[in-house]
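According to Swiss-Prot, the features are:
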ACT_SITE  Cys99  active site, nucleophile
ACT_SITE  Cys190  active site, cysteine persulfide intermediate
BINDING   Gly6, Met7, Ser8, Gly9, Gly10, Val11, Asp12, Ser13, Leu32, Gly124  ATP binding site
DISULFID  Cys99-Cys190  disulfide bond
SITE      His125  site 'Interaction with tRNA'
SITE      Gln325  site 'Interaction with tRNA'
Amino acid sequence: MIIAVGMSGGVDSSVAAYLLKEQGHDVIGVTLRFYKEECKENARVCCSPKDVQDARIVCDMLGIPHITLDWENLFKERVIDYFIKSYKTGLTPNPCAICNKDVKTAFLGFYLKQTADIDFLATGHYVIKEEGKIKRAKEKDQSYFMALVPKQSLDYLMFPVGYMTKQEIRDIAKKINLPVANKIESQDVCFLKGMDLEDYLSQFIDMTQGDIVHIATQKTLGKHKGIHRYTIGQRHGLGVSYHKPLYVVEKDIEKNILYVGEKEYLLKDAITLKDYNKLEDFEKDNMYIQIRYNSKPIPIKHIEENKDNVIIFLKEPATQVAKGQVGAIYFGDILLGGGIIS
C-alpha cells in the first residue's frame, strides 16, 4: 500500500514512518509548513522550519521520499483566523481540534487521496482505530482532538503508534539512531511560537479595561485588564479581593463586563453542543463527555437531539464549561463524536 505519513519532525511520527516501512509499505513523508520564521528558543510547538528540516533528515535516514507543503495561507484562514475571531466573540477555542479537521489530518488525507493517490494517511497521534472506530489510547490519549474529524475521513486514516507508550517509541527511535529520539514534545499552540497567549491576542484584540462584577450581588469588585484575557473557570490573576475564592463565570463582550462568583455559579447540569460531528450512534448508558483535553470525563444522564444542537444532560454538575471548547462524547473508550460547546 501507498501510505503517506504526516511528519511533524517529532519522534512519534518518525517512528510511525519507520514501522510502516518495516511492514513493507511504500511510505511517503509529508510535512506541512505553516510559517517561515523560527520560534522562540525552547518553544514546544510543531510545524516550524526546524521541524521541517528534522522531518526531512529522518526521511533521508529511512530511505523514503519527503515532500513539504506550504500551507501557511490555508492554516491562517482555517485555524488562526478562527482562533482570533473566537476570542473576539468571548469564546475559548480549541485550535488543535479545528486543525485536525480542516488542515493537517482529515483535510490533508483528503488532499493526498486526490493528488497523490495514497491508500492511507498515517499520523503519530496516540489514538487507536479498531473496526473503523476511534478509541482511547492506553497512554497519552489524543482521541479528544479527533472529535471533529468527519466519519468518512476515518476510512483513510491510520495511527500506527496508538497502541504504544512514549517510552516504547523513544526506545525504537534510539535503537535505529533517529536524531529526534529525545526531542521534546510539542505542547504549546503552534502559531503562538512560544509567545504568551495574552501578548499574542493583544496584537489583534483591543484589551480595554472594564468592570469585574459579582454575578449574584451585582457589586463591582474591580477592573479587568481586557475581557479576552480571561476564560471561564479561571481563578487566579483576577486582581480582586474577596472573602471567598472567586472564579470567572461569565463574560459580557458587548458591555465589557467580567462576571465572577463562587464555585457554585460555575456548575452546569447540561451542556449544549453545536455543529455536532457524529461518528457513532449514541448508546443508552455508559456514555461520558469530555470538555477539555486531559479533563476528567463526566457521566451522561441522557442526550436530546434537535435540528441545530445536541443537548447533554449530566449525572453530576460540571465546572469550567467554556463556550468554544470541544465537547467529545464517549461510550466507554469509543469516541462517538463531538461538537462545539455553545
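Glycine is no exception: its Cβ is also placed from the backbone N, Cα and C atoms.
Owing to the predicted nature of the structure, the values given are computational and were not obtained by experimental measurement.
All features noted in Swiss-Prot, drawn onto the structure.
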{"residue": "Gly6", "record": "ATP binding site", "Cβ within 10 Å": "23"}
{"residue": "Ser8", "record": "ATP binding site", "Cβ within 10 Å": "26"}
{"residue": "Gly10", "record": "ATP binding site", "Cβ within 10 Å": "21"}
{"residue": "Asp12", "record": "ATP binding site", "Cβ within 10 Å": "26"}
{"residue": "Leu32", "record": "ATP binding site", "Cβ within 10 Å": "23"}
{"residue": "Cys99", "record": "active site, nucleophile", "Cβ within 10 Å": "28"}
{"residue": "His125", "record": "site 'Interaction with tRNA'", "Cβ within 10 Å": "27"}
{"residue": "Cys190", "record": "active site, cysteine persulfide intermediate", "Cβ within 10 Å": "26"}
{"residue": "Gln325", "record": "site 'Interaction with tRNA'", "Cβ within 10 Å": "24"}
Looking only at C-alpha atoms, tell me how far Ser8 (ATP binding site) is from Gln325 (site 'Interaction with tRNA'), rounded to the nearest Å. 24
What Cα-Cα separation, expressed in whole Å, is found between Cys99 (active site, nucleophile) and Gly6 (ATP binding site)? 13
Could you measure between the residue listed as 'active site, cysteine persulfide intermediate' and Gly10 (ATP binding site) for me? Cα positions, answer in whole angstrom. 13
By a three-class reduction of DSSP, Leu32 (ATP binding site) is assigned strand
I need the nearest neighbour of His125 (site 'Interaction with tRNA') among the binding-site residues Gly6, Gly10, Asp12, Leu32, using C-alpha distances. Asp12
Among Gly6, Met7, Ser8, Gly9, Gly10, Val11, Asp12, Ser13, Leu32, Gly124, which the record lists as binding ATP, how far apart in Å are the two most distant Cα atoms? 16
Asp12 (ATP binding site) falls, by three-state DSSP, under helix
